[in-house]
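Asker: After the structure tokens below, expect a handful of questions from me.
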Amino acid sequence: MVLTNSQMEYILHLFLEEVNTHPNRRKGAATSKVNAFIALLPSKQPIDRQMSRRSTTAKKRAIARNNKIHPSKKDPEMEELEEQGIDVSNLEDEEDVHRVMNAIKQLPCPLAAKRRFRAKLLQKEIKQSSGCCGGSNTNRQNWRKFKIWKKEMSYKLEPWGSWLKNVEGHQGTGVVSYFVFLRWLFFLNLVIFILMLLFVTIPYVAFSNNGYTYVVTGSGVSGMSVASEQTCSPLYQVNVSSDAKTLIQDFLQGSGWMEKTAMFYGFYDSQDLNSFVAGHYSLPLAYLLTSLVILLFSLITMARYTMQSFRENLEDQNEKHQYCNRVFGGWDFALSEEGTAVLKHRSLYKDLAGELAEQRHHEARKNMSSNDKCRLYTIRFFINFMVICILGGSGYLIYWVTDWVTSFLADPNYKTNNDAIVVLLVEFLPSLTITALNGIVPLIFGIVVKAENYTPEFTIKITLIRTVFLRLASLAVLIATIYRIVSCTDKETTCNVGQNACDSLRCWETYVGQNFFKLIVLDFLVKVGVTLGYELPRKILTTKCDAAICKKIGLAEFDIPKNVLDIVYTQTLCWLGFFYAPLIPALATISMFVLFYLKYLSAMYNTNPPEIPYKASKSNNFFMIVLMIAFFLCCLPVGYTMVKLTPSYGCGPFRIYSYMTVCVDATISNFPSWLQTIIGIFTSGSFIIILLVLLSLIIYYTSSKSGARAKMIVMLKEQMIMEGKDKQFLLNRIYELTGEKPGAKKKDNKRPPSNGPRNGPPPSAVKTVNEVHQNGNVSKDNDLTPVDDVPEVVPYNDPDDSTRKTAETAFKREVTPVDWDQVPGDENTNRTTSTVTATNVAFDF
Amino acid sequence: MGGSQSVFSEQELSDYQELTYFTKKEILHVFKRFQTLDPDSVERDKNAKLNRETILKLPELQVNPFNDRITTVFSSAGDGCMTFEDFLDMMSVFSDNAPKNVKVEYAFRIYDFDEDDVISGKDLREVINRLTGEQALNDEEMEQLIQNILEEADLDDDDSLSFAEFEHVISKAPDFINSFRIRL
């Protein structure tokens, strides 16, 4: 029941021809024929038939052919299915049945009808499968059963599913996307933690004290010195006090007794565990490889997560459909609470009205006088300058504080000279500074951006970008400061520990780990504090106090971008820290876990949904990109540590190596020589160059493929527009002919008439073909003639045979396969009938 | 769960599983939700036909501005009354697993208020009015918004959106798939 435009045009042509050659025919008959014809147009089809538009013409032709070849009568169900555009002609194997089953599933009709179709189909299947061998069928069935089982399990195992539903009902999908992201990060951290625990901590803790033999592999490799390890290891001492206050203090800052736990790098040893079940377990190698695997795993999971949403939005880079998106995707069908629904209405109204006002002002802004423009750009310039200054200032502050604290702590007597609280404060000063800056500076950004007069959407974006920049920059400064301390050149020769002006860090990796440890702890405490100390009182204030000012304060808003950035920041700390403190992922996991409940609390009780409608689809990508950037920034220092920095001689799994990667060389040196040669080839420069060339070729290939597809999209869209125009043109011709007033149905069109006549269907034409078929005949009042009766209603007594035959073939069900591509599809209606032979007509109504 | 397990035979459940985007477990869950709407009549007859008011007791539908359209579209009798199968059908379409084209199909029906198979300016006006709720856009804004939408989506300039145009524009509206669902 699908007509392409060229088909329609052709029919119309036949029709016009006919009308012109029969001037004496009743006008009414012509009109009724037009109406019947209009009913055939694609846009006038009932919706369930429009599904069939998706099926290809090739398939249709196959069906048509099939009908011709096997005219045997069919089940009504099967016919109905075919009418829906589902090909049920050749159901030879399980796969076909499955495909049809899926198609039935997608049919937009009530369940009862679907069940009827399915029952029929199953009957058929039994008939056919009896002759077939059952082996592959049962396999496939099992596979399908397994898939269903998997789905069922994942439904059962979906953690926090009902919690998410509650949040969704209360706050809408935007906030839920935050929770889904949080859950995803929780699992990512859990996996990282388990990997570290399984391959590093447990082997070491379980076997190190159990009579393992002291073995150093690959002793022939350069860059190993067991001697310095033996001198330096005893020098690395940690003062452990049993004072209760100090115990807690140590716990918070990862010093003292904490420093000697499995949490930190310094705890691990460089020896191979020989009593391990497999016989030989090289801890340094395991440490290095596990770290690499974790980074790789993070990258892959992130890429997968991003690609899922990215693929959907890739073609949607031009913001051309924002109004449709707002209106058709505006209501959140998951909302289930009265109050939230009211808020949603309000936020939708604000969004729409704001956007419209923006659009109106946009024109005004375009015509702004050069004076105003000049002023605006000056303001923007100054504000950007100011933002850079603030960022630079923050960076310097962090640098200065870290530097000062380190020099303060370098004094060996600082603990005795100062109060414990002061010491704790000083210890936490860098972390405090960073956290405070993260809290305060975005507020300043939020204020100054208003003066810049950007569009609302861009305002959010630029504030976010600045905030992200602040967060990453402050971490970068911290890393740089630590690096400066660690790579201080004035070192004693035996143990490679700083002297004189340089800080004497016996185990600098642990020192780095401690810094991140403190940041994570503080970050977590601040989050708990904000939820309980800021949102909760505000809630209590609003509900308990009746004064106008309290009401005005109201509930806090669930600020999604800020919250997402917060957890991205925690994740960054985890990635930065896990190499120096292997159990930091555990901390991050716990932090995410607690945060889920905390945020649930604040989402359900303490906050209102965000006022600006949050575009989950767009921002998800943005946050993942931020996470990716953060990830690559994290890889830099970790990778640099692995390859370029000399590990401490007195602690850690790499203490006997001059670089961490030497342990890999040491392991390889124990391999048989042929394996060494192969590894040598694969790691050689020439091989890597070949690999790079190959990769760039693949990238080139895929990018040109995507370019071609983009072109295809543009072409298809143009074609779609052209077909729409064709349709309109044809309709206009019909109206011209019948003298019916086009667009009689439209009341609210304000477009200039130059747009051409509307083709709002005349009321009579609304009757669908489906109904026509069902009724057999149509009530007289709307003057619509059933299609199959057309030749009878319009008697043909003209001798012009070719015209009549063609018309008859056109309107009857006699169908011959035809390639419509051969019918010229241009808008040239001067084509005469004789150019297309009568037998060429084919469509299946 | 044990109670509702016995309501359906194994055969019925697997039938439903084949025909919807739910697993058996989820179907039972849907039934539970259906049951809470009117426990008495569902207790008596699991295929009881609940009228529109009862169906609208579902919290998600209660606050939904298009709830009358939803019940009409999914009611197999077309009168807004729903049996369990209709209800299951509805939840299946709104579920996460339902493909986009199914959702688009029903969204089109829901937004097509006068059921003339095109979303006309009048339909759009109704959609927008229902979206904004109490606070309504003024006439000028409304006209501007409708023109904007038609400009974006109405490819053939006939001042209304046919299904093809609607489908096309929805494929470019990334929020649709996120918002057009009801979590079980």
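Here the Cβ of each residue, glycine as well, is placed from N, Cα and C on the backbone.
So TrEMBL has the following annotated:
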{"type": "COMPBIAS", "residues": "A:56-71", "note": "compositional bias 'Basic residues'"}
{"type": "COMPBIAS", "residues": "A:801-813", "note": "compositional bias 'Basic and acidic residues'"}
{"type": "DOMAIN", "residues": "A:507-617", "note": "domain 'TMC'"}
{"type": "REGION", "residues": "A:48-80", "note": "region 'Disordered'"}
{"type": "REGION", "residues": "A:741-813", "note": "region 'Disordered'"}
{"type": "TRANSMEM", "residues": "A:184-207", "note": "transmembrane segment"}
{"type": "TRANSMEM", "residues": "A:285-303", "note": "transmembrane segment"}
{"type": "TRANSMEM", "residues": "A:381-401", "note": "transmembrane segment"}
{"type": "TRANSMEM", "residues": "A:421-448", "note": "transmembrane segment"}
{"type": "TRANSMEM", "residues": "A:468-486", "note": "transmembrane segment"}
{"type": "TRANSMEM", "residues": "A:575-598", "note": "transmembrane segment"}
{"type": "TRANSMEM", "residues": "A:619-640", "note": "transmembrane segment"}
{"type": "TRANSMEM", "residues": "A:678-702", "note": "transmembrane segment"}
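Please situate the listed features within the shown structure.
Answerer: Sequence-distant contacts of the transmembrane segment (A:285-303), counting only residues of its own chain at least 6 positions beyond either end whose CB sits under 8 Å from a CB of the stretch, comprise 188, 191-192, 195-196, 199-200, 203, 268, 575, 578-579, 582, 624, 627-628, 631, 635, 638, 642, 653-654, 660-661, 663-664, 667.
A Cβ distance under 8 Å defines the sequence-distant neighbours of the transmembrane segment (A:421-448), meaning residues of its chain 6+ beyond its ends; these are 249, 252-253, 255, 383, 386-387, 390, 394, 397-398, 401-402, 404-405, 408-409, 414-415, 463, 466-467, 470-471, 474-475, 478, 481, 515, 518-519, 522-523, 526, 562, 569.
For the transmembrane segment (A:468-486), the residues of the chain that approach it from at least six positions outside its boundaries are 391, 394-395, 398-399, 402-403, 406, 430, 434, 437-438, 441-442, 445, 502-503, 505, 508, 511-512, 515, 565, 568-569, 572-573, 576, 626, 629-630, 633, 637, 645, judged by C-beta separation under 8 angstroms.
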Asker: Quick one: DSSP breakdown of the domain 'TMC' (A:507-617) into helix, strand and coil?
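Answerer: DSSP composition of the domain 'TMC' (A:507-617): 86 helix, 4 strand, 21 coil.
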Asker: Any residues 6+ beyond the ends of the transmembrane segment (A:678-702) with a Cβ under 8 Å from its own?
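Answerer: Distant contacts of the transmembrane segment (A:678-702): 668, 671.
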Asker: Same chain only, please: residues at least 6 beyond the ends of the transmembrane segment (A:381-401) with a C-beta under 8 Å from a C-beta of the stretch. Say none if there are none.
Answerer: 429-430, 433-434, 437, 441, 444-445, 448-449, 451-452, 466, 469-470, 473-474, 476-478, 480-481
Asker: If you average the pLDDT over the domain 'TMC' (A:507-617), what number do you get?
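Answerer: Averaging the confidence scores along the domain 'TMC' (A:507-617) gives 84.
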